[in-house]
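As recorded in Swiss-Prot:
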MOD_RES   Lys22  N6-acetyllysine
MOD_RES   Ser58  phosphoserine
MOD_RES   Lys60  N6-acetyllysine
TOPO_DOM  1-86  topological domain 'Cytoplasmic'
TOPO_DOM  107-124  topological domain 'Lumenal'
TOPO_DOM  148-158  topological domain 'Cytoplasmic'
TOPO_DOM  181-189  topological domain 'Lumenal'
TOPO_DOM  217-245  topological domain 'Cytoplasmic'
TOPO_DOM  293-308  topological domain 'Cytoplasmic'
TRANSMEM  87-106  transmembrane segment
TRANSMEM  125-147  transmembrane segment
TRANSMEM  159-180  transmembrane segment
TRANSMEM  190-216  transmembrane segment
TRANSMEM  246-262  transmembrane segment
TRANSMEM  265-292  transmembrane segment
Amino acid sequence: MKHYEVEILDAKTREKLCFLDKVEPQATIAEIKNLFTKTHPQWYPARQSLRLDPKGKSLKDEDVLQKLPVGTTATLYFRDLGAQISWVTVFLTEYAGPLFIYLLFYFRVPFIYGRKYDFTSSRHTVVHLACICHSFHYIKRLLETLFVHRFSHGTMPLRNIFKNCTYYWGFAAWMAYYINHPLYTPPTYGAQQVKLALAIFVICQLGNFSIHMALRDLRPAGSKTRKIPYPTRNPFTWLFLLVSCPNYTYEVGSWIGFAIMTQCLPVALFSLVGFTQMTIWAKGKHRSYLKEFRDYPPLRMPIIPFLL
């Protein structure tokens, strides 16, 4: 059997970092990363980006050496991705924060609203309902992270956790401060507005969960397989007929419902910022589907049926 020689160079300086002799032709990039780690333990596999060109795209872990456009002596270029952290850890951290931060304002712990309001309770029903909805949303997210989601990438850059937590925790504190404030004013149209908003919130939360379950069933555990998602017997998944990322559609709908329920400006701004970011993600996933699958349904839009 013909073996390969693999030299790994620094993508910036072109310095030779490692030379691997007698590498099996069937070796994957993941296996080469493991071999590289033996000579450079500080660069564990998740930190490594190996590519054929210094400015090219990173090779996938499942790429096989003999199927790459290289000779028997392959030259790969290395870039350090920096310290990594697991997606699960990031999600648990960024979702647990809003849950507990909101409750601090709801229970009016000392030093927030003034001594005479410490541990007092709001007289408005909508305030208590908002706390239930907000808590339910993030408890759902935490449970989905632990038991539902299957991640195609195991890690992300450590710096992202600070950015993500600033966003989620900051907005949670901002909206909680006003919703639970002793001078908070209930919605203009009273109980009718709250009931309508609650219905929107509940429907969208059920829809979001249904989509996450449908996406989970598409990918076997431990696999990176990608398939076209289609509607199932669950009516909430029928939105797949019109959009590529209905989980984002339902998520935005949930926050719109919460904004209507509380009639609170910070919630409306959080909904707008979230919609903007999710639209960017949805467009990216939509493009990936179109590029990967020739038979991808042409009627679908990224996030809003017929529009966007």
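Note that Cβ sites are derived from N, Cα and C of the backbone, with glycine treated the same way.
Here the features listed in Swiss-Prot are placed on the structure.
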{"residue": "Lys22", "record": "N6-acetyllysine", "Cβ within 10 Å": "9"}
{"residue": "Ser58", "record": "phosphoserine", "Cβ within 10 Å": "15"}
{"residue": "Lys60", "record": "N6-acetyllysine", "Cβ within 10 Å": "12"}
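Note on the topological domain 'Cytoplasmic' (217-245): residues 62, 150, 152, 206-207, 210-211, 278, 281-282, 285-286, 289, 292-293, 295-297, 299-306 of its chain, located 6 or more positions outside it, place their CB under 8 angstroms from a CB of the stretch. Through the fold, the topological domain 'Lumenal' (107-124) approaches residues 177, 180-182, 184, 186 of its own chain, all at least 6 residues removed from its boundaries and within a Cβ separation under 8 Å. When each of 87-106, 125-147, 159-180, 190-216 is checked for Cβ pairs under 8 Å to the transmembrane segment (265-292), 159-180 comes out on top. When each of 87-106, 159-180, 246-262 is checked for Cβ pairs under 8 Å to the transmembrane segment (190-216), 246-262 comes out on top.
In terms of C-beta pairs under 8 Å, the stretch of 87-106, 125-147, 159-180 lying closest in packing to the transmembrane segment (246-262) is 125-147.
Rounded to a whole value, the Cα-Cα separation of Lys22 (N6-acetyllysine) and Ser58 (phosphoserine) is 23 Å. Mapped onto DSSP classes, the topological domain 'Cytoplasmic' (148-158) shows 0 helix, 3 strand, 8 coil. Sequence-distant contacts of the topological domain 'Cytoplasmic' (148-158) (same chain, at least 6 residues past either end, Cβ-Cβ under 8 Å): 46, 81-88, 90-91, 212-213, 216, 219, 221, 223-224, 226.
Within its own chain, the topological domain 'Cytoplasmic' (293-308) has Cβ neighbours under 8 Å at 228, 239-245, 248-249, 252, 278-279, 282-283, 285-286, counting only residues six or more beyond its boundaries. Through the fold, the topological domain 'Lumenal' (181-189) approaches residues 108, 113, 117, 120, 122, 124, 126-127, 197, 260-263 of its own chain, all at least 6 residues removed from its boundaries and within a Cβ separation under 8 Å. Over the topological domain 'Cytoplasmic' (1-86) the predicted model carries a mean pLDDT of 90. Counting residues per DSSP class in helix, strand and coil order gives 9 helix, 1 strand, 19 coil for the topological domain 'Cytoplasmic' (217-245). Look at the topological domain 'Lumenal' (107-124): DSSP puts its residues at 3 helix, 0 strand, 15 coil.
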